[in-house]
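Peer 1: Below is a structure I'd like to ask you about.
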Amino acid sequence: MKKIVVSFLSLLILGSLAPYSALAAEGEELDIKSEAASVVDAKTGKILYQKNGDKKLYPASLTKIATAIYAIENGHLNDHVVVSHNAANVDGTRVYLLEGEDVTLKHLIQGMLVNSGNDAAIAIAEHLDGSVDEFSKNINAYLRSKVGVYHTHFVNPNGLFDEEHFTTANDLAKITDYAMKNPTFRQIFGTKTLKWHGDGWDTTLITHHKMLKEEIPFPGITGGKTGYVDQSGQTLATTAQNQNIDLTAITLNGTTKKSAYGDTKKLLEYGMTHYKTERVPEGSIFKKKDNAYKAEHDLYFTKGSGENVTKKVEKSGFLKIISKTGEVVAVFPLHELKAKASEGNKDSTSEDSAKKHSSLNLLLCSGIFLLICITILFKKIKKSSA
C-alpha cells in the first residue's frame with residue numbers, strides 16, 4: 001500500500017512540474033516574427049521561451065522528423081525497399097527515386113532528412129505500414145504513446161498540405177528532443193553533405209538548413225530541418241549546444257527565410273545566455289534524519305545562468321530543487337536505502353545494547369585480573385620484608 005501511495009505522489013508531483021512547462025513568459029520580449037516559436041532545454045524538456053507554443057499550425061517538411069524516428073524505431077535500417085509508382089511520382093522536393101528502384105531503409109531516411117525527399121518519405125511509409133493511410137494511423141498513435149504529444153495529427157509522412165495535418169511548436173520541440181536521443185537519428189539530422197548514388201540521380205546531397213551548413217554562422221549547431229508549403233510559411237527545426245546547455249528551437253509560419261533564421265538565432269541566443277542545465281549524478285546520497293536516499297540515475301534540471309539553487313529532501317523521499325526566490329525548479333523521486341537487519345530482526349538499538357554489555361564484561365574482567373595481580377604483588381613484598 002505504501003508503494004502505491006508513493007507512486008501516486010510521484011505522478012502527482014511530477015505532473016505538476018511537467019517537463020514541458022515554460023520557464024519564461026509567453027513571448028513578448030524577443031520580437032519573434034514567426035507566428036509560433038519555442039526553445040527548449042533538450043535534456044530536461046523545459047520550455048525556456050515560447051510564442052503561441054500550443055497553437056495548431058502546418059509543419060510542412062518538419063513532419064519528416066517524426067517519420068524518421070518512427071522508421072528508425074519500427075523498421076530495420078538494412079531492409080531493402082522497392083519504390084512504388086505512388087512514391088516515385090509524388091509532388092514537391094524529391095531525391096528522384098524511380099519506380100521499382102531498390103533502396104535500403106536507412107538510405108531513404110537519409111534522403112528524406114538531408115534533401116527533404118517527399119518520394120523517400122512515401123516509400124518509407126508504404127514499406128513500414130503498407131499504405132500512407134495506415135502509416136498515418138500508426139504514427140499518430142506512436143507520437144501519443146511514445147513521445148507524449150497530444151496536439152499533433154499527421155495524415156502523410158512528408159508534410160504536404162492537408163487541413164487535417166497539423167502540430168504545434170511545443171509538440172515539434174518534444175518530438176525533435178525525443179528523436180535526438182537516438183544516435184542514428186542524431187547522426188543523420190546533423191549531416192551536412194551525403195553522397196547519393198540513385199538509379200535516377202547521382203549527386204551529393206547538401207542540407208537545406210543554412211545554419212547547419214554554416215551559410216548563416218552560429219556556434220554549436222548540431223542539426224536542422226527546413227520546411228515550406230504556401231499554407232505553412234517558412235518552418236525551421238534547429239538543435240544546438242554549448243558547454244552549458246543543449247537546445248531545440250522551432251519556428252512555424254515565418255514570412256521569409258530571413259525572418260525564420262533570425263527568429264531561430266534569437267531563440268538560441270536567449271537560451272544559451274539565460275539558462276544552464278545542471279546534473280545530480282547517479283548514485284548521489286541524500287540524508288533526511290534517520291533515512292538515506294539515492295539517485296538511481298543522472299537527474300537533470302534547468303536553472304538560470306548564475307543562479308544558486310538548494311537541494312531539499314522531503315520525508316516522502318522526493319528531492320526538491322529550489323531557487324533562491326523559493327520557487328520549486330524541479331522535483332525528483334529518490335530510492336530509499338534500507339538498513340540491513342541482523343538475524344532475529346534485531347534493530348540497531350538492540351545491537352548497540354549488546355555492544356555496550358560486551359564492553360562492560362570486558363572492563364569487569366580486566367578489573368578483577370588487575371586486583372588479583374596487585375594482591376599477589378602485595379603479599380610478595382610483605383613476605384620479603386619479614
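Cβ coordinates are placed from backbone N, Cα and C, and glycine is handled just like the others.
Take a look at what TrEMBL says about it:
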- Ser116: active site (ACT_SITE)
- Lys225: substrate binding site (BINDING)
- 1-24: signal peptide (SIGNAL)
- 360-378: transmembrane segment (TRANSMEM)
Peer 1: If I take the alpha carbons of Ser116 (active site) and the residue listed as 'substrate binding site', what is the distance between them in whole Å?
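Peer 2: Per the Cα atoms, Ser116 (active site) and the residue listed as 'substrate binding site' stand 8 Å apart.
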Peer 1: State the three-class DSSP label for the residue listed as 'active site', counting H, G and I as helix, E and B as strand, and everything else as coil.
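Peer 2: DSSP call for the residue listed as 'active site': coil, neither helix nor strand.
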Peer 1: Over all shown protein chains, what is the count of other CB atoms within 10 A of the CB belonging to Lys225 (substrate binding site)?
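Peer 2: I count 29 other Cβ atoms within 10 Å of it.
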Peer 1: What does DSSP call the residue listed as 'substrate binding site' in the simple three-state scheme?
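Peer 2: It is in a strand.
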Peer 1: What is the total of other Cβ atoms whose distance to the Cβ of Ser116 (active site) is within 10 Å?
Peer 2: 27
